[in-house]
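This report concerns only the one structure given below.
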Amino acid sequence: MDVFTLAFVAAVLTSSAPVLFAALGSALCGRAGVFNIALEGQLLCGAFTAVAVSWWTGSAWAGVAAAVVTTTVFSGVLALGAVSWRADPIIVAVGMNLLALGLTGFLLRELLDATGTFAPTGLAGLPDLDVFDGIPVLGALLGGQTLLVPLALLLAVAASLWLNRTSTGLRLRGVGEHPEAAASLGVSVTRYQHVTVLLAGALCGLGGAQLSLGNVTAFTENMTAGRGWVAVAAVMLAANRPLLVLGACLLFGAAEAWGFRLQGVGLPQQLTDAAPYLVTLIVLVASRLRVRRRLRDVDPVAAVSAAHPEAVVHPEETR
Amino acid sequence: MNDVPRRTVRRSGPVAAALLATVLGLTACADSGSSGGGEGGEESAGSIIVITPNPVGGNNFLELAVQGAEDVAEEKGLELDVFESTDPTSIQQNVEAAVREKPDIVVGLSFSLQDAFATVPLDNPDQQFLLVDGCPDPQPENVTCAAFREHEAAYLAGVEAGLLSETKQIGVVAALDTPFIRRWVDPFAAGAASVDATVTSTPLFVGGDNPFGDPARGKAQAQVLADQGADQVLLAASGSNVGAFEVATAGGFQAYGVDVNECASAPGQVVDNVLKNVDVALAGAVTEILDGNTGGFQVYGLAEDGVGLTALEDDVDSSGCLIADRPDVIEQVREVQEQIIDGTVTVDDPAAG
């Protein structure tokens, strides 16, 4: 089984990249206190815009730029709805996901005169990187990738550094963890949240463009096929921490790619479908068990309260 | 000149149209009012409504079926509406909406409509239904069925792959692991094994949330097969094929298309196609029903010319397929075709029982 070959890792990087972009955006939003699950819709918006503009202009990079701009504008729906008007972010996000699905299908007919799939000959896709050619490991890992794949990896590191090592990152975390405290220190909570949601939109635009001009060179109705929800699972699993988000996305990508290879020796397709969610469950249960064991070693009362939070009697309630 | 009554081809179901209308703040369905009546006041000879399980574009099977419906509508002077579904819920709603418009025949495409066609016809005994590429069990009296023995043609493609494979490894990228889709997967392997027992076939299934339209996943699976050394790969994943053909174009393997001639999808890299002449079957069945022969169940195989290979067509030389350069292989395939038709070779049907 060719699980640990460089080609396998390269395949995982390719399939994970769109998910990683979206998940990073959602993680930043989570740290700023905005629950962003409109990833499926934003990825689809980016994927469609990238293909349409690449077709019209003949330039894949123009497609990427347009995808970033359009998806940022689209994410303004969440910024306005959930931040300015204090609507339930889940409801806004579900609306955005449905809107993107219907609207991209509609515009596919109206603007590109196609239904279902748009993959004409001559549609410009993103070029493969060639700067790593000849370098042993990097060449094999990144040789067949677009520039956006290493960019996604770098952005995960950059997001982590930004959150943990800069003052704006600290303020953003403050806005998410204790908005009143942040506001009392003169930090504009809504401004930080607006900017973060729009930034997540830009990241989703990159993710969508990578999907439709990098992974393949085509647009298909609903081509995101649940990748936005896999990204949501990755964000949950990683508790909004960018480097862990990167790990979770690669884990999901590896589970999927490994599943494809195991299908060849008889693993049912339905099990490959469930792979990312099975991995999430396993990791969540495992991490929970570890927390409990650690707490039991330190403090028996804390262990009980971790296992049975309903059994804990708070002093102020007994009064 | 005959006056040909106007056909309205509405490329979206009423559900989708209503949804869009709501979304865009419009008030009325775009063209539903204009679909009645022929031109010049002439009475229409009748009407049919075709319901698809998925968007038509990019789906060769549905495009060919709609083509067949357009042809028969033109020939008979029928009005034609096409309702495109996007998911199981909209299939049911489209079937009910079609029944409300009371056409002569409600035509359903593919096995995905089997459930709807098992129940709705019972509630509407005066309405005639035609299901192409599937049949509900039990079959209601007012449902006519037309189905195919795709496995016979897939077996022939397997024979070709077995003869042409140099690595002795072949594969299939299919949309879903269902008994019906296994009609392409299993006979392809069996056909190859019949000419060379050392050939092994690896089937991969796209699956996921959108198995018929996930090109990125289709490409990832095709790449897995290419990396494992498969050099002849059947692509039976509908909209996900777009990605898989990219691997063929890059030289990963030689591909086999499904339903229609897909040799232009990866020029110089597609060997042959497992054809399903759904247009012929649909037009034939509509004619039968209009003549009053309702409730039948016609199955189209190699003998009935309902399925076949591009290699066996008269115009193979201009098809752009690689098989045109190998008359020796075509000759062998013709022999197997004869053996299947006369019964000396039987192809197991994975969807049976």
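We number each residue from 1, going along the chain as drawn.
Using the three backbone atoms N, Cα and C, a Cβ is placed for every residue, glycine included.
Long-range Cβ contacts of the transmembrane segment (A:60-83) within its own chain (Cβ-Cβ under 8 Å, at least 6 residues beyond either end) map to 34-36, 38, 41-42, 45-47, 49-54, 89, 92-93, 95-96, 100, 124-127, 148, 190, 193-194, 197-198, 200-202, 204-206, 208-209, 213. Taken from TrEMBL, the feature transmembrane segment applies to A:60-83 (among others).
Under 8 Å from some Cβ of the transmembrane segment (A:90-108) lie the Cβ atoms of residues 35-38, 40-42, 44-45, 47-48, 52, 74, 77-78, 81-82, 114-115, 118, 219, 221-222, 228, all in the same chain and six or more residues away from its ends. Residues annotated as transmembrane segment in TrEMBL: A:90-108 (among others).
Annotated transmembrane segment per TrEMBL: A:137-163 (among others), in sequence order. Counting same-chain residues at least six beyond the ends of the transmembrane segment (A:137-163), those with a Cβ under 8 angstroms from any Cβ of the stretch are 6-7, 9-10, 13-14, 17, 20-21, 24, 27-28, 31, 64, 126-130, 169, 172-173, 203, 206-207, 209-210, 213-214, 241-243, 245-246.
Look at TrEMBL and you will find A:229-254 (among others) tagged as transmembrane segment.
Beyond the ends of the transmembrane segment (A:274-291), by six or more residues, the same chain brings 230, 233, 236-237, 248, 251-252, 255-256, 258-259, 306 to within a C-beta distance below 8 angstroms of the stretch. Summarising the annotation, TrEMBL assigns transmembrane segment to A:274-291 (among others).
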